[in-house]
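Worksheet for the structure shown next.
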Amino acid sequence: MAETAVVPTRRRSWAGWRFIGPFMAVFALVFLAPIGYSIYLSLFKNRLIGGNSFVGLDNYRQALHDPNFWSALGRVSLFLVVQVPIMLFLALLVALAIDSGRLYGKSFFRVTVFLPYAVPAVVATLMWGFMYGSQFGLIGSINDSLGTAIPDPLQPSWILAAIGNIVTWEFVGYNMLIFYSALRTVPGSLYESAEIDGAGELRIIRSIKLPAIRGALVIATIFSIIGSFQLFNEPAILQNLAPNAITTYFTPNYYAYSLSFAGQQYNYSATVAIIMGVITMVIAYVVQLRGTKER
Amino acid sequence: MVTTVRAPRRTPVRTPSRRRRDRPRGRKSVALTALTSLVVLYSLVPLAWLVINATKTQEGLFTSFGLWFDDGRFALWENLRTTVTYDDGIFLRWLGNTLLYVVAGAGGATLLAVLGGYGLAKFDFPGKRAVFAVVIGAVAVPGTALAVPTFLMFSKLGLTNTPWAVIIPSLICPFGLYLMWTYAAEAIPDELLEAARVDGAGEFRTFFRICVPLLAPGIVTTLLFSMVVTWNNYFLPLIMLKDPDWYPLILGLNAWNDQATTAGGQAVFNLVITGALLTILPLLAVFLLLQRYWQSGLAAGSVKQ
């Protein structure tokens, strides 16, 4: 990325700020100021007696001893290590299949698998929630007519898998397209020489295609990590259908939301949000370092 | 002038697809097509479910099989009519709000991203590295880390429960900035800018007269992505808006869905489903019509790294 940044012939001047200035001004208002305010909030506590007072890192200490916070973090971490690999692997398989040129009607595949990405998360969750649900759900209908015993996806032990399925459905096509776009940049001559050398399809995938889309894999992984840690919409919407399975601290984001808008604990909520922001940044950074190191 | 200088594209990376389109490599495979069809099935079944169930009455939803039509009644037209007239036509009000947020939010976001991306790509200025680091770092911060303080700040400014509370935060689309940056770096040759400067054209004149036409495909892509983000935004309006009159569609649908579980509320699942269908149709249509653009957009996001 940095290579586009500096062209030596160009004069260094303030002129560029006239173009980036408006973006940065709004950015400062809606990103930087709230982050700063969040950090400020996290250092204070609002008590009934004594009012607003500076407490240093007390809120952070409280969060690190908060079983609800750890439970939420554990849940999204489990989600991350199970759902993300499944989704990315599926996306990769479809991208490789479409790129192989062996499919009938490949543009049909590309478009239809991508379509769910255009469906808002709320609508996707409502749809899947209805299909999962006991009222007029598909699962019930299928169990009735086929005599199968698929468990209720909205019970506490299955709810995370149910959410994983919704998220996979929404994003498999998006990731597929990222991989597919990267695959198309591989020069055709590479394949030709590989074929002349007698390399089979699997060998080509392993030695040419996968290394070629490494950057895309890293980007998709980072986006998925951020997405998993910020999980909110799906559990928030399903909460109505599965009130017993989804607690107020189901995910860190949901916990922060409940803390401020149900509990009015703005200071503690900001603390939880900041801790999650730092964890997300650190993990995304490590993935990027590891992913780009062995080029 | 534009057409003559446009020819030397510096980086060929962007258009490799043209050189390598569908080389006849290997035979078509029925087995592979069948396997991949499973994923297509997975993608389409929920959408099919939505279409089928939009034709059912509230009772029909409970009595008929989910993936087939209700034998007794075909209530699609009735559902559509009820959806747009229910509660004094609040659905149309929500649609109008959504359009307002999309036009103002996504339109503004695109303008800022185009200007900013061009500035980053074609100028060297003090603080450029910092701009990049700050924008990338901020993307990783979770929505709630921003949402709660933004809400508190906006409520002090008296902006909550007004359209501004939704529009202003929508004006920033970091992905759009990144997209326009990479796009502008390749689509606008430095020589062209030099020539314009030698001719004595001002920076903004050069930008609007010469660069904007060259950037057009990138602009459409950015607009498309920021539209989707704004159209689908749930969290931000959820915390900012209390008055249902300012709800966007997404929030309204969820409110209808919640009616079933609130005391004294009337269950209107048929309206939720029909409304959901109406909500996603414009987006699906835009995506299908503008395929070329979102594909090039994602390609830009994945290839450069």
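Backbone N, Cα and C atoms are what each Cβ position is placed from, and that goes for glycine too.
The model shown is predicted, which means the values in this text are computed figures rather than measured ones.
Positions annotated as transmembrane segment by TrEMBL: A:19-40, A:76-96, A:108-131, A:158-183, A:212-232, A:266-287. Feature annotation from TrEMBL assigns domain 'ABC transmembrane type-1' to A:73-287.
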Counting Cβ pairs closer than 8 Å to the transmembrane segment (A:266-287), the top stretch among A:76-96, A:108-131, A:158-183, A:212-232 is A:212-232
Residues from the same chain, set at least six apart from the ends of the transmembrane segment (A:108-131), whose C-beta lies under 8 A from its own | 94, 97-98, 137-139, 154, 162, 165-166, 169-174, 176-177, 180, 233-234, 237-238, 241
Distal contacts, the transmembrane segment (A:19-40) - CB-CB under 8 A, six or more residues away = 270, 273-274, 277
